[in-house]
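Here is what TrEMBL records for this protein:
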DOMAIN    36-408  domain 'Major facilitator superfamily (MFS) profile'
REGION    1-27  region 'Disordered'
TRANSMEM  34-58  transmembrane segment
TRANSMEM  70-89  transmembrane segment
TRANSMEM  101-120  transmembrane segment
TRANSMEM  126-150  transmembrane segment
TRANSMEM  162-184  transmembrane segment
TRANSMEM  196-216  transmembrane segment
TRANSMEM  237-254  transmembrane segment
TRANSMEM  274-294  transmembrane segment
TRANSMEM  301-320  transmembrane segment
TRANSMEM  332-354  transmembrane segment
């Protein structure tokens, strides 16, 4: 790594920023970098908590308002579809809109929509309720993707030599949000009713908006000449996009299927299911910063981290059941152990991808600046959404098959 005082050192990604931006990574974080970390950590934590609170109690409330299981599944599923579309748009036009404005506006709308979700029990049941659910869910997906696309781009701009390290570190806050959201939402729901969880978390996100308006730096950059299609046409990027989609799809299956499996197989109380998932979330949150640091310090190891991580993931999925051909008895301790290994291998499979796509883009003539960072961030979000939508489609098909078999 080049020393901070070396004027001839190579310009890292994001080198077309304003004159006051430090180009080389030093051991001590600058004030600007600390502010960027605070801002991106706040959106990761807040948005993931808001995203995850729906699961424990919203389906039951929606049924009371006349929504069928199929419609409820569509309400959840439309999120990934519009997340995908928003990723492409915001990634392409990040520089035109402005990274800071996109971040703050996305955060504000996401918080407001979360508050409005808490008022849905006041809406008349039937088509009006269902239409409002779709409208708010779609708006939440678009605003969330705006904030996340801007967040990843700003983060990579502020830490050009340590992209994987900071992205991995901030996954701790994403994991924390996913872990804290359901139990906190469930507690507030049981204690105060339907409205309070959404209003409480939505207001927390809204309170973060003025803070981020004050501390988040405003990065400017020239408009890029390249497009998503040129980026994804690169063979390495296309393959890594497939890896993201596969990972997202496989990861999405765990939430609905594994919780039912644990309840039926081990006869655990519903409250203990979250503790089982805690092993997965904590191991991922703890390992991600370490994987990111390794990825930045030794970039040549990224491909081996991806290979080993994905192979380990495949083995974990075969052992979760376990698969019948293995002839291994299903035990709770084994399930928790596999989930912990799953979380570690998930960090190895995911964290190196963003810097690897970014490096590939720069090697193939893409500009070093926010325009390329926006494309990479948008592509990452879009491919993740494709995997989520694929999981929703296949999950719905499995439910339909199960219903038909029950009827017979």
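First residue shown is number 1, and so on along the chain.
Cβ coordinates are placed from backbone N, Cα and C, and glycine is handled just like the others.
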Interface-richest range of 70-89, 126-150, 162-184, 274-294 toward the transmembrane segment (34-58), CB pairs under 8 Å: 162-184
Averaged pLDDT score, the domain 'Major facilitator superfamily (MFS) profile' (36-408): 84
Feature contact check the transmembrane segment (101-120) with the transmembrane segment (196-216), CB under 8 Å, 3 or more pairs: yes
Contact yes or no, the transmembrane segment (126-150) and the transmembrane segment (237-254), 3+ Cβ pairs under 8 Å, gap 6+: no
Outside the transmembrane segment (332-354), six or more residues from its ends: residues with CB under 8 Å to it: 152, 156, 163-164, 167-168, 171, 240, 243-244, 247, 251, 262, 266, 268, 276-277, 279-285, 287-288, 290-292, 295, 302, 305-306, 308-310, 312-313, 316-317, 319-320, 322, 376-377, 380
Residues of the parent chain within Cβ reach of the transmembrane segment (274-294), under 8 Å, 6 or more residues beyond its termini: 162, 164-169, 171-172, 174-176, 178-179, 182-183, 254-255, 258-259, 262, 268, 301, 305, 332, 335-337, 339-344, 346-348, 350-352
